[in-house]
Amino acid sequence: KLFNQTQELERLRSELGATDLEKQLERLVVENERLKQELNSCRSSEFQKLDVAAGTCSCSRCPHRQVSSYSCTCPGKSIPTPPVFVAGSGSPEERDVLPGEPGPYVPQTEADSQKVRTEMQMKNDVLQEQLSVQKQLLQELKTQLHESQRTCTQLRTQIVVYKGEMERAQSQLEVEMQNLEEEKNRVIEEAFIRAESEMKAVHENLAGVCVWVRLNLLTLQPALRTLTVDYNSLKKQAQDFPSMLDKAIRDAKQEICQVISQVSSTSQDLLQKYKREMNLRKKIHNELVRLKGNIRVFCRVRPVSQDEQDSADSRTVLSFDSDDSDVLYISNKGKTMTFELDKVFPPQATQEEVFQEVQSLVTSCIDGYNVCIFAYGQTGSGKTYTMEGVASDPGINQRALRLLFAEVMEKAPDWVYRITVSMVEIYNEMLRDLLRENPGDKLDIRLNPDGSGQLYVPGLTEITVQSPEDINKVFELGHMNRATACTNLNEHSSRSHALLIIIVSGFNSTAGTRTQGKLNLVDLAGSERIGKSGAEGSRLREAQCINKSLSALGDVISALRGKYSHVPFRNSRLTYLLQDSLSGDSKTLMMVQVSPLPGNMSESVCSLKFAQRVRSVELNSSSRRHENSSTSSSPTHNSVEVTLSSTQRYLSSSTCGRVSCPT
Ligand SMILES: Nc1ncnc2c1ncn2[C@@H]1O[C@H](COP(=O)(O)OP(=O)(O)OP(=O)(O)O)[C@@H](O)[C@H]1O
């Protein structure tokens, strides 16, 4: 508190500028002294103010203000003897001499004396002037002195006030210090009393605890004895432990070895059983597909569009059997034709419902079977819708790839799969790669020069896809390339076959098994007859090419059905390219698209007749395209083996993907 009070005092002092005032006061006192001295000297110099020429003295001490000579007659002042003046020597100042020194010039004549008088008069004027200046100065100094005295008085008053404040603060401080001292003593005393009482309580507690400890010690002694005995026995056991441990480890090792050998033989059994089960599952799946037919024919009737509903020709000539989903009726001129197929999808069937019927074929591709799904039908019957669909409701192509991804993911990590995608187009019997940079280039199907007799398409792009996003990118690229290669995409797509070729290669590290299956998804060109479309020129050539390839497809299937020794795969690019997916134990699905309109009835009848012809063919059942890495493949036909993949290195490491060619 004392410290704070002192600080507060210092702050007040500095705030009021006490130090500065004190210094200023000192300065003013000194200045006052100096002015006083100056005044005194000025007063004494009045003795000098005598007018010699006039013989008068203006000093305040001369009672008569008269001088008889060159000096004042004031008491103590003697009049000196006048000096001899030599003309031309001495300055005007030298003429004004002091008493005791050589005197000024003494005029000899009246003229001289007049001159001297004039000079003296002038000098007197100057001196008078100086005197008035000095008086003025004196007056100013007096005023200043008065002012400084006033300031000094003020400052002194302030100092007295400060001193009073300081004393007050000091006395307050002392009082507070006194209070604090008393408070401190009181608190110490209280603490002391409390500590004493607590100490007392602790002592009492301690005494109780000591008694309790003593009692406990007495009861613990027998327990301690028991523990000592135990400790000794444990010590002995610990000494024996290393040898016991060694023995136990040896025994455990033997047991583990026995168990391992048992487990390994069990796992071998299990592996064999697993392989057997796998084969059985595939056999059953294949059998199921076979029972359904290696060539299956579905029919899908597209709905009547909004535009068609508005037109006069919107009556539908097709009807369905509500109890039998395999039958379709077409009424014409009072007659009703019945078409029996593997499945008939009415106009209201969704993309998902269609795919449900197709997905077993798609998954058999994972097991190493080659599968081919065609969309057949006249232009505008809904082939592209079924195969590609629309972005919001995709068709078989995208759903198949998504299903393949889901299936292979489910089989991981036992199975490692690689899925590659190629997109080709056959237009006017020319094969074009839709995934290459320059899709205009014509591709060829050739015999492999390595002498293996396999076919391949040199330069065909195969893109490995790892996610549904990759699929979308591949489709976009294919569509873009297809669009850039022609002037009118809609017309072009009706007159060309579009093929999406998916190869699924799998390897099972546990069983050492490899599989390779190929899924061909084909959007065929429009199947309308030339006569009706009235085509000519380039259109005629296009229609001829389409008819040629579609009838070649029919011929190939007929030859396979009749088990002919010669199957004309080479009659068209389409059948040549797809021969591995049409022969042997491959599975084929023909989705015949039909328009519901009466105007398209004859084309619909043609398509359905073609479908029934295809349906009656049964492909040759032979060994699966499923190989064990330790066994070689077993081609089913008696002729050359062909492959359609350009990735020779990959295929040469595996015998999968080969198909027999009866030619
Ligand atoms: N099941 C369906 N549901 C709704 N719309 C359909 C269906 N099938 C076809 N369509 C519509 O009918 C029109 C013709 O279909 P699409 O283009 O698929 O025929 P296409 O046979 O592929 O013709 P092209 O031979 O010219 O390629 C399209 O507008 C399509 O959206």
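Using N, Cα and C of the backbone, Cβ positions are placed for all residues, glycine too.
Annotated coiled coil per TrEMBL: 18-45 (among others), in sequence order.
The region 'Disordered' feature in TrEMBL is assigned to 89-109 (among others).
Per-residue pLDDT, averaged along the coiled coil (124-190), amounts to 88 for this model. The feature coiled coil is assigned by TrEMBL to 124-190 (among others).
Positions annotated as domain 'Kinesin motor' by TrEMBL: 294-617.
Classification of Thr379 (ATP binding site) by DSSP places it in coil, neither helical nor stranded. With a 10 A radius on its CB, Thr379 (ATP binding site) counts 19 other CB atoms from all the protein chains. The ATP binding site annotation in TrEMBL covers Gly377, Gln378, Thr379, Gly380, Ser381, Gly382, Lys383, Thr384.
The region 'Disordered' annotation in TrEMBL covers 618-641 (among others).
The feature compositional bias 'Low complexity' is assigned by TrEMBL to 629-639.
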**Request:** Name, in the order they occur in the sequence, the residues of the same chain whose CB lies under 8 A from the CB of Gly377 (ATP binding site) and which sit 6 or more residues away.
**Result:** Lys383, Leu524, Gly526, Ser527, Val592, Gln593, Val594, Ser595, Ser607
**Request:** Consider only the binding-site residues Gln378, Gly380, Ser381, Thr384: which of them have a Cβ under 6 Å from an atom of ligand 1? Write none if no residue does.
**Result:** Gly380, Ser381, Thr384
**Request:** Determine the Cβ neighbour count for Ser381 (ATP binding site): the number of other Cβ atoms within 10 Å of its Cβ.
**Result:** 27
**Request:** Using DSSP with the three-state reduction, classify Thr384 (ATP binding site) as helix, strand or coil.
**Result:** helix
**Fill in**
If you rank the binding-site residues Gln378, Thr384 by how many other Cβ atoms lie within 10 Å of their Cβ, the lowest count goes to Thr384
**Fill in**
So Gly380 (ATP binding site), by the Cβ count within 10 Å over all chains shown, scores 19
**Request:** Return the residues near Gly382 (ATP binding site), defined as same-chain residues 6+ apart in sequence whose C-beta is under 8 angstroms from its C-beta, sorted by sequence, else 'none'.
**Result:** Arg300, Arg302, Gln593, Ser595
